[in-house]
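Reviewing the structure listed below.
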Amino acid sequence: MSAIRRSVIEMKMKPYEHPAALYPYREWSLGEDAYDDENNQRSESVFALGNGYIGLRGNFEEGYHGQAGSSVTGNYLNGFFDSEPIVYPEGAYGYPSRNQAMLNVTNAQIIELNIEGQPFHLNSGQVHRFERKLDMKSGILHRVIEWESPAGHRVLLTIRRMVALQHKHLAAIHYAVTALNFAGTITFTSAMEGHIERPEVTDDPRLGAGSSEPSLLLEATGLGEDDSLVWMKQRTRHTQFALLTAMSHQLQSASGYEMSKQLEEERLSVQFVVPVTSGETVSLTKYITYHTSKDYAEDELMDRSVDVLHLAAESGFEDLAKEQQAYLDTFWSHSDVEINGDPALQQGIRFNAFQLLQSVGRDSVTNIGAKGLTGEGYEGHYFWDTEMYMLPFFTSTQPEISRSLLDFRYATLGKARERAVVMSQKGALYPWRTIDGEENSSYFPAGTAQAHINADIAYGIKQYVLATGDNEFLVTKGAEMLFETSRFWADLGHFNPARDGAFCIDAVTGPDEYTAIVNNNAYTNLMVQDQFNYAYETAEFLRHQYPQDYGRLQREIGLTEEEVEGWLEAAAKMFIPFDEQLGIYAQDDTFLTKRKWDFDNTPADKYPLLLNYHPLVIYRHQVLKQADLVMAMFLLGDQFSLADKIRNYNYYEPLTTHDSSLSPCIHSIMSAEIGDLEGAYSYFDRTVRMDLDDINHNAKDGLHMAAMSGSWMSIVNGFGGMRLYNGQLSFNPVLPLQWDSYRFKITNHGQLLEIFVDRQAVVYTLLEGDGLEISHKGHPIMLSQAEPVRYPITKHLEAVIFDLDGVITDSAEYHYQAWKTLADGLDVPFDRDKNERLKGVSRMESLEIILENSGLSFTKAEKERLAKQKNDNYKLMIQRITPADLLPGIAELLTSLQEQGIAVGLASASQNAALILERLEAGHWFQAVADPGDIRKGKPDPEIFLRAAEMLDVPPCNCIGVEDAAAGVMAIQAAGMKAVGIGSVEQLGAADLLLASTIELTVTKLQKLLA
């Protein structure tokens, strides 16, 4: 990371350093070796269990008896919600009328333990031993506690909990107690509690919805045929969904037991009184089910619950655990990422993948919330996070889960059509935040205005189909979603006469929620352009490959050929705002005209800005909450040059607060792509342990699912350089200095590929499949299971890119004389000191330097005539150049490079470079001459050196640039190349290798520079 960017980050936030481990670094588990009362609520989030439907926070079975406000009992069902009216002080047409909130449902985790009449809990008696471990290989949460009651009775508790990954409606707890120093009686009280407190109302939009009234109303309770089975039926207050919670038990004891039941109004319990002898172990296994009328007919709920409980009891906890282990073995065989060299990050990346699996809906009718099933933050809503962050992980590791997530979007297409009608548009508009497909965002500038959700879903469809070849999904569901959302865009946008007929999209908000309701948000327009093209290609594909299905779909949705052709025209004429002076894409029509945020004078406690400044204050500045245009450059990277990416990243990154947890991973990926490995690693560090290190100080409210999947993206798309453009799977791997190696797996078209990277090489191994074509750094590879393919990744010299003046020949004197003649004619002072500032600078920029402080004013046309006059004089002068004007040692160096197969390029700002090479008779040595006329920005921008490297087909990291100007050295280093400076230390001290003269340049010195 450059010193400039690092200082900017430090202005916005303290540099991230790993804190003392909140949880010991264990590669396959998360654990505590002592009871941490102070951070209990955070631990309840990180020790959460789930199976994509049921989510249980890591609460203690016996309950929490510590500090008030330090625990949130959490039991969640994905997609199960209540709905309440949204109260607007000043409403308007089209505002969402009701809010949906995932409910904290019946708490059936409860197992209370009584030792000889004294209740066990961690805040009483003495805790001699406490261990808690979340095992990511088995999916089981363990607790081991040695506790002594106030009366001196000691027990050893061994508690295991699971939420069955292969049984949607089932959770189980195995609770074993060993009497260590007494004989007597212990009592288990297993309970379910129906009354759940809703969270308090707050001003923090990231937290759950508060309410003063319960959302679940008790309807009935009862006993099953099994003596230990009890159940409770409740109904949501507004949506009228029925919930049936049931539990049954198995108790193992050598001495028998007495059982009794208590049926209170909102609490049901089963009590087991068990005699024990010293050293004896007794155990209680509890099975829990949740069924709702969202999934089944209401009159089926009881029978289904009983069936699940009976099957669980027949299997027993141990067999359920083995089944869970087998499921996770398969999951990890496709999804694991190995990091050798940093156990903290190894633990982090596995924890993140495990929590994603636990939270994602796999039934095609649920999705994955921003906090998963770990807390009530964001009310359990589904956002664009799914398609942009979670879907890439699942598409590449568990594609069947990606299919179910996209199936959910198709299932809610009808409501998206209804929302488009409300918004007076054609087609379909998907909700910014939802549970069942209805728009739930009450703040439209950062909600409904984020219509890019349509393009995000289209992008997710495209990437899924490209990665899997699942044309059945495209034909039966994907195409319809693409066409209806494209209709929306075609209707929302317009061909704007004020923009020379370009297609414009007005009054939208991009991913950056600190800039709202703008025209032509670049991210939105770029993504819509991509969607239009893909929708057109899909229509053509269906027309030729599936004509009957295409005809049916056309009839069903009234799709015309004129519409499809219109999408192609809109894509071709899409307006993408660009600033010629800065050479960057503008985030929107007006972003670059605003004042920049004053980071220097913003105290650290004022972040995040959204909690400390009125939205209008933020909207009036150049400041970003998260990656916007930079994200588009990642997603649509094949549409931008590396120079574009560097230039735009360097402009927008210092303006980004990263107040969103979604931001660091995208910056990590882009930092890696532009060659800033230090920056990439720093941002990855902030992402991968965001919850385990509680970086944002809000893990207690639930885990950050998008950041979790983003950490996987940081490794695979960032350090691994994986891209999928037009169906071509490509890699450009690098190894962070902090690691010894890393390994990950990718599923593509049903084939399993392993990528291993260490200090020496990258190894591609096809583990499953008949044959897979990939690309490594632009070079195609055909893989088979017969033999892994190995490529070295150590830097080695492949190309040398030279400046011209002062490096190949010294035409600088001619430049000086030509400028001097022009300046004298204008009566403007000009000397050799000022001429130094012209080195490596374009002709027009040089003229501006000469004219500064002259008091003279010229039109653009007049300046162009002056520059031409200078150039005409210069061209006359350089006619005198001959091969003898090659600088000392250059002919020998170029010959030696040619003999050793090292490519040679030229990156000169001179429009006359080709003519000079011709006069020098040196053209045969150069395989590439970058044309400055095709370059947007001159030196010190790296574009011309990057263009030369691209023409040579050599990665910048394997290139060396040679320059005699400070601006040139800066350009070379910004391009990710090593820089050789020819000149004085005063001018070129920043060069990686400084030589006084070209005579000192040798191939050996250049090769050592990259060794």
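Cβ from N, Cα, C; glycine included.
The domain 'Glycoside hydrolase family 65 N-terminal' annotation in TrEMBL covers 32-294.
The annotation domain 'Glycoside hydrolase family 65 central catalytic' is assigned in TrEMBL to 350-713.
For the domain 'Glycoside hydrolase family 65 C-terminal' (722-781), the DSSP counts in helix, strand and coil order read 0 helix, 39 strand, 21 coil. The domain 'Glycoside hydrolase family 65 C-terminal' annotation in TrEMBL covers 722-781.
The active site, nucleophile annotation in TrEMBL covers Asp803. DSSP assigns Asp803 (active site, nucleophile) to coil in the three-state reduction, outside any helix or strand.
The feature substrate binding site is assigned by TrEMBL to 803-805, Trp819, 838-843, Ser846, Lys870, 908-912, Lys939. Long-range neighbours of Asp805 (Mg(2+) binding site) (same chain, six or more residues apart, CB within less than 8 Å of its CB): Ser811, Ala812, His815, Lys839, Ser908, Ser910, Asp964.
The Mg(2+) binding site annotation in TrEMBL covers Asp803, Asp805, Glu963, Asp964.
The active site, proton donor/acceptor annotation in TrEMBL covers Asp805.
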Notebook entry, point to check: Looking at the recorded positions Asp803, Asp964, which one has the fewest other Cβ atoms within 10 Å of its own Cβ?
Noted result: Asp964
Next item on the list: Show which residues of the chain containing Gln911 (substrate binding site), separated from it by at least 6 in sequence, have their CB under 8 Å from its CB.
Entry: Arg843, Asn871, Pro932, Gly933
Check: For Glu963 (Mg(2+) binding site), what is the secondary structure state per DSSP, taken as helix, strand or coil?
Finding: strand
Next item on the list: For Ser908 (substrate binding site), list the number of other Cβ atoms lying within 10 Å of its Cβ atom.
Entry: 27
Check: Just how many other Cβ atoms lie inside 10 Å of the Cβ on Glu963 (Mg(2+) binding site)?
Finding: 30
Check: What's the CA to CA span in angstrom from Trp819 (substrate binding site) over to Glu963 (Mg(2+) binding site)?
Finding: 21
Margin query: Whole-number answer please: how many Å between the C-alpha atoms of Asp803 (active site, nucleophile) and Glu963 (Mg(2+) binding site)?
Written below: 5
Check: Where does Arg843 (substrate binding site) sit by DSSP, helix, strand or coil?
Finding: helix
Note to self: Around the C-beta of Trp819 (substrate binding site), how many further C-beta atoms are within 10 angstroms, looking at every protein chain?
What the structure shows: 23
